[in-house]
Every structure is written in structure tokens, then in C-alpha cells.
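The active site, proton donor annotation in Swiss-Prot covers E374. Marked as Ca(2+) binding site by Swiss-Prot: T500. Look at Swiss-Prot and you will find C331-C360 tagged as disulfide bond. For N170, N399, the entry in Swiss-Prot reads N-linked glycosylation site. Among the features that Swiss-Prot reports, signal peptide is placed at 1-18, with the record citing sequence analysis.
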Amino acid sequence: MKSLSLLGVSSLALTSLALPTMNQNQHRFVALADLADEDKPQAIKDAFNHAWKGYMTHAYPMDELRPVSNEGSNPLNGWGATPVDALSTAIIMGLPDVVNQILDHISKIDFSKTDDLCSLFETTIRYLGGLISGYDLLKNSGAMNADPEKVDVLLKKAVELADVLKFSFNSTTGIPSNTLNIPKQTTDGATSNGLATVGTLVLEWTRLSDLTNKEEYGKLAQKAEEYLLNPQPKSNEVFPGLVGGSINIQTGKFERASASWEGGDDSFYEYLIKMYVYDRSAFGKYKDRWVLAAQSTIEHLKSSPLLHPDTTFVGAWANGALVKSSQHLACFDGGNFILGGRELNRPEFTRFGLKLVDGCHKTYANTVTKIGPESFGWDEKNVPSDQASFFTKSGFYINSSGYVLRPEVIESFYYAYRVTGDKKYQRWIWDAFVAISETTKTDSGFSSISDVNAAKGGSKTDSQPSFFFAETLKYTYLAFSDEADWQISRSGKDKFVFNTEAHPIRVRN
């Protein structure tokens, strides 16, 4: 049953804002939608606490909660992905009880044992990133009054994890395999790896080297990255800076000529500029490659719906032609352009990023639930017959209608708000949060849904991914919380940079 509230374990105060003449469901909705800005951080904490309580009650110590069936699931090695992914958000929200629960859990993880094949990419961004971020946020900060010994365990566990993962780089090129059998220290034997799965390791592994004074971790990821920075053959770099999505592990050569900012490619480009934020002096080449990719994206992948020329999306390039489709996953791109524009003092990148933010906002604003779909298109030649009027009105049609609590649209709203100061983007974040809360809440958490363009989101599909804690709730909270070292600055040098799982990593001094 659809809940029209965001009442978590500590949000009874919200009901007091309701009009007594309205029924309970209505007044809870009004209370959430109409909260004053100063009350919004607590409402977001309440959402976190509601989901956390459900996880701890029904799923701990498994990876994730199924918030409809109230069961646990282990899609991420069975080490408790939700606690590790939630740690940095709990620190930022100032939730000491949750932080201490998570620190106790982490101390018990044995990373050498798992019954499942492991993704190097997912394990790096969620577990390794979560551990390093927790350490960066807590070490010598006095935050949460955390036990210093428990804080030190975070770095110890990060080293343990990297040590059981590093065999993945044992190829003739140093390009890692992604699918690993950790107990046997073997790979699945795949001959290729993806652009993002190779190119989204360098921040976490480099930071681990900096924290431990052991160069090997960063060198492993940076050696693999060199093949992405110097793509061969050049024919598979379809436009300057934009490369294909698959690379041969044994030869280091790209296997196809394509380009996109979608899943599978996305966070490679994201990390190019973020490594420059991490250390401008050491990663200038990464920045140069990002600039090439950004310029080529504007020139070759920018696209607008026929009837909505003021709407801007980024398409993909395949088989020598522009593909007019995109994904929720790709909607991080607006924030990445905004970050790059601010970092490089290149206002043309910031302006383009804001156009992308506006385009992705329209995928939310035009659906029944006010949540954007998993994937969408705008090719006037491929409009589904049952979406003709929707396409005319909105400028896009829905290819995949589900929503799995993804953060990317809110993430880009956050960057837009922090860099411009325009409260419009803050309002858009709150609108999205209200819509997600209204549509996805269950008695024990928040659930993925089947159809963003159907009443009540269609059906609840029983997944609460760990990134809902790490990313979706964090970016929402940050937009309404006070200035802090981990916030993106409007200008100047950031003290932290977010990994692709929204874990704040302290930049080099």
C-alpha cells in the first residue's frame, strides 16, 4: 500500500504541522511537502533512520534489505554492503549510534571469505570507498566521539580488502579483471573489461596509497588507467577524448568504436576531472583528457528533442551514428560538467552542465510519480505508439519505466545548487525527495518500483540498494545542511572529492 508519509522512527513532529481537518494521509503529505528549509534535514534523517531500522531488523548482517518481503539479500559479497555504504552518510548526518553500530560491524568482516563471485568495481566503490571515506571523515576530527581504535580499524580493513583484491591486476598489461573468486584468488577468465570498471578504481586505490605510504595500491590502478588515457587503436577513439566501452585485458586495446556517458562508461569520465580535484599537480593529464571528452560531448553527443529545442540531453554514439537515448545513470553528467567548469574556470562547461540538469529534471517533472525513469529516448522516429502524446508534451519517451532509488538526478541538482547558489535546484531536490518518499516507502524502508509513469509507481519490486543510503539520501541531506569541509565549494579548492558512490575522499594537501 502506498504511504503518503515520510514518518521515520523519530519524525512524529511532522504530524503536528498538519491541518486537523484533513485525513491522516493527506496531512502527512502536506507536512512533508511544505516543510520549512530548516526542518528538512531532520526529515531526511528520519528517512535514513526508517530505512536503517528496517535493515537492522530484517536483513542485518546481509548486504541489503528487501523492503516488501522483509528479507535480506546478498548481491554484494555478503559482507554487509549497506552498513559500509551507509557509514559516511551517518557521519555527515551526525548519527553516533548508527556510526558505532557500523564500526562494530566492520571490525568483524572477513574479506577473504565470500560465497559469491566479486565485482572489483562494485567492491572498490562501495566497500573500499566506504572504508576510506569513513576513515577520512573520522580520523583526528573528533566527530561522533568515535573510539580512535575503531577508526584505525577502518584503514586496517581497507588494506585487508585491497590485499585480497590486488591479484585482479595480475595480467600481462596490468589491466584488471572485474569478476573475481576471492577465496581461490582467480578470475572468471574474461578477456575484456569495461571502460568504467577499469576507470573507476584510481581514486580509491590512490588514496589508500597516500594513507598507508604504500605506493603499490595506487600504482596498480594508475598503470591500468594509462591504457584508457592513451587509447589504442586511435580508430576506436570516435571523437577526441571519447573512447569505446570495452578494452582487451591482454593487449590493452579498445575493442569497439563507441561513446556514451551511460552505465558502463560513465564513471571513467567522472573520475578524470575528480582526480584533478584530488591533486591538480599530479593528475593534469587526466584533466586534459576530461576537457577533450567534454568538448567532444558538446560538439557531437548533444541532442534536443524535435519539438523541444530548448531541452538538452546527451546521446550515445554507436555504429557511426548518434543514438538519441539515455539513462538515469547518465544524469550525473550535468553535475560532472558543473564541477569541471568550476574547477577549471570554464563557464561554458558549467552552462552546458546546467542545461543537462534541466533536461534530466524534465524526466522527473513530466511523469505521474514525478520520478524519472531508468532509461528514456527522444528519437522522433522511434516513439512508441502508446506514448505519442506523452512524447509531444514532454520531449521524451520512456524505454524502461522502473526506478531503483537511484541518486544521479539529485546528485546533479546538488552540484548545480552548490555552484550557482540558485535555490531553484534546492527546490527540485526537495520535490524529488517528496516524490520518492511518497511513492517508494514501505513499512520497513523504501522500495524500487516498476513504473514511474503509473499511479503509485506501479508495483514495488522489493529492492533497497545500499547506494540509497550512500548517495540518494546523502546528496539530498547535503543540499539542506550547513557548510562543512565535505561540501562542494562554490569556488576555490574543495577539501573532499566524492567518489562515484558519494563517499567523500579527502584530497591531497
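Cβ atoms here come from the backbone N, Cα and C positions, even for glycine.
Within the same chain, the residues at least 6 positions away from the residue listed as 'active site, proton donor' whose Cβ sits under 8 Å from its Cβ are Q327, H328, N399, S400, S401, G402, Y403, V404, R406, listed in sequence order. Cα to Cα, the residue listed as 'Ca(2+) binding site' and C331 (disulfide bond) are separated by 13 Å. Residues near C360 (disulfide bond) in space but far in sequence (CB under 8 A, at least 6 apart, same chain), listed by position: C331, G334, G372, E408, V409, S412.
Within its own chain, N170 (N-linked glycosylation site) has no residue 6 or more apart in sequence whose C-beta sits under 8 angstroms from its own. Local packing around the recorded positions N399, T500 was summarised as the count of other Cβ atoms within 10 Å of each Cβ; on this measure the leading residue is T500. In the three-state DSSP scheme, N399 (N-linked glycosylation site) falls into the strand class. In the structure as shown, the Cβ atom of C331 (disulfide bond) sits within 10 Å of 30 other Cβ atoms. In the three-state DSSP scheme, the residue listed as 'active site, proton donor' is classed as coil.
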